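Since the structure comes first, as structure tokens, the remarks are kept for the end.
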Amino acid sequence: MKLLGVLITIYCIASTLAIDVNVPSNGMADLNPVVNDGKSETEWTITTSANCHILLSCAVKGEESCDDVSIVTKDGDKERKLCPMATNSFTVQDFINEKVYVKIMTTGKDYKASCKAYSITNPKQPNQA
């Protein structure tokens, strides 16, 4: 029985991956999830420079439900979820914060989802030097 508990713990750890990504000013990072035969989640904490904001471009391919594949983004207290529809889903999200959380969940190799994170320099305001 003790061995079964160890195996379950190892499986749970192996199916979730957390990654910290620092996108340099005016840079870009690909967010491609680790995909297994079963359910897997890849989580990113994306940060950028103080004078920048983050722009995400995400896509979910397929006609499955949110139970099969999804992308969740969190910017402060605001959370959004992108799921497949009758056709492929695509979204672009612009975040004010310098830190964004992204999680991609898949339940098999047939489900496709990915994002690109861009760091955009904030434009100077008219009263700034």
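In case you wondered, yes, glycine gets a Cβ from its N, Cα and C as well.
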Margin query: Which one, Cys52, Cys58, Cys83, is listed by Swiss-Prot as the other cysteine in the disulfide with Cys66?
Written below: Cys83
Item checked: Among Cys66, Cys83, the one of these disulfide-bonded residues whose Cβ has the fewest neighbouring Cβ atoms within 10 Å -> Cys66
Item checked: the domain 'CUB' (19-121), counted residue by residue under DSSP: helix, strand, coil -> 0 helix, 65 strand, 38 coil
